[in-house]
Amino acid sequence: MSHQPSIIRKTHPLLSLGNSMLVDLPSPANISAWWNFGSLLSLCLILQIITGLILAMHYTANTELAFSSVMHICRDVNNGWLMRNLHANGASMFFICIYAHIGRGIYYGSYLYKETWNVGVILFALTAATAFVGYVLPWGQMSFWGATVITNLISAMPYVGNDIVVWLWGGFSVSNATLTRFFTFHFILPFILAAMTMIHIMFLHQTGSSNPMGINSNLDKIQFHPYFSFKDILGFVILLGILFMISLLAPNALGEPDNFIYANPLSTPPHIKPEWYFLFAYAILRSVPNKLGGVVALAAAIMILLIIPFTHTSKQRGMQFRPLAQITFWILIADLALLTWLGGEPAEYPFILMTQIASTVYFMIFILVFPILGYLENKMLLMSKNTGKFNWKLVY
């Protein structure tokens, strides 16, 4: 009787981990392209770490030299301009993928895997923190004033706020000490993100992926490789194609022109605003006339994602077969787009009023509308079960 050779990827202590994650992983056969964004986020993180390391080799974290060192990277370092453009626009692609990933999670009820969802929300918050401290590093006008305005919000905390701000700044204003520590945070956080990503994947593999039907995935599963590995590679090609097109043809389209001006503490820009992917949260912050209230609203705008698993009242997992919930979901997306636009507008009438309405709608959808609709749709399904036919007049 001949001895069957063992496959090393299945028996090796280290390779077997990769095998169970990327090769022999049982995956639902019917997952759509919306399930691609997790792997795209991994690609974005790897790309950001590689380009970031190359940039860090030439960057100088000093208020006198930071701006010049970024110019030096673009002008004198071989392909430095490309690394800088890929890193800056890679952040935008990162957040596009994050928002698509979160949107898919809300639509298809992925948040019911509570551990995976909670780690994901922490990942989102850490990514936002990483992007914020990174935006300060070029030491342009918007870098300096963005850092000043956003960090100064912490002073709204009762009793300890002012002390925390001075401690964070390393002085009584945003200075060289602030830039040095922000560079340190920006360097270390992506590696923490990578570790958290492994925890995120570990929790996901405890339950397995959900699927577009919202039913038990164990009925029909196939191995990850070659089916979904090739599907992911197609996503990689599309993402990299878009990223390179932006980086080569319109590298500054998503940036802020004021950041090409050296930071000047004596001259405030006409409109202080963050990068486009934070504008919705910035709009919510500005919608509250009270400083502390604005900070609470800003934190709540992201942390509200943590309550979704507990406000889920529907008998169905996702929104695939729930017309009312679908309409509300797309109203939420439109509301976020409106908040993003409003965040870039001046803080004056009518924009402030529009922002307050849009912010109220945002919170109401999560806290009230989704739970109430879940309850109503349960009642409608019960009625249709008793009568033998679905009463569409109750839906539309």
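Every residue, even glycine, has its Cβ placed from backbone N, Cα and C.
Database features, via Swiss-Prot:
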type	residues	note
TRANSMEM	37-57	transmembrane segment
TRANSMEM	81-102	transmembrane segment
BINDING	His87, His186	heme b b562 binding site
BINDING	His101, His200	heme b b566 binding site
TRANSMEM	117-137	transmembrane segment
TRANSMEM	182-202	transmembrane segment
BINDING	His205	ubiquinone binding site
TRANSMEM	230-250	transmembrane segment
TRANSMEM	292-312	transmembrane segment
TRANSMEM	324-344	transmembrane segment
TRANSMEM	351-371	transmembrane segment
Message: Please determine whether the transmembrane segment (81-102) and the transmembrane segment (230-250) are in contact (criterion: at least three Cβ-Cβ distances under 8 Å, sequence separation 6 or more).
response: yes
- line: With the cut-off at Cβ under 8 Å and a gap of six or more residues from its ends, the chain residues touching the transmembrane segment (324-344) are 103, 106-107, 271, 273-274, 276, 278-284, 286, 314, 351, 354-355, 358-359, 361-362, 365, 369-370, 373-374, 376-377, 395
Query: Relative to the transmembrane segment (230-250), which of 37-57, 117-137, 182-202, 292-312 accounts for the most Cβ pairs at distances under 8 Å?
result: 37-57
- prompt: Do you know offhand how many angstrom separate His101 (heme b b566 binding site) and His205 (ubiquinone binding site) by C-alpha?
  reply: 17
Whether the transmembrane segment (182-202) meets the transmembrane segment (292-312): three or more C-beta pairs under 8 angstroms: no
Statement: His186 (heme b b562 binding site) falls, by DSSP collapsed to helix, strand or coil, into helix
Query: So which one is it: of the binding-site residues His186, His200, His205, which has the fewest other Cβ atoms within 10 Å?
result: His205
Field: Nearest-integer angstrom distance between the alpha carbons (Cα) of His205 (ubiquinone binding site) and His186 (heme b b562 binding site)
entry: 29
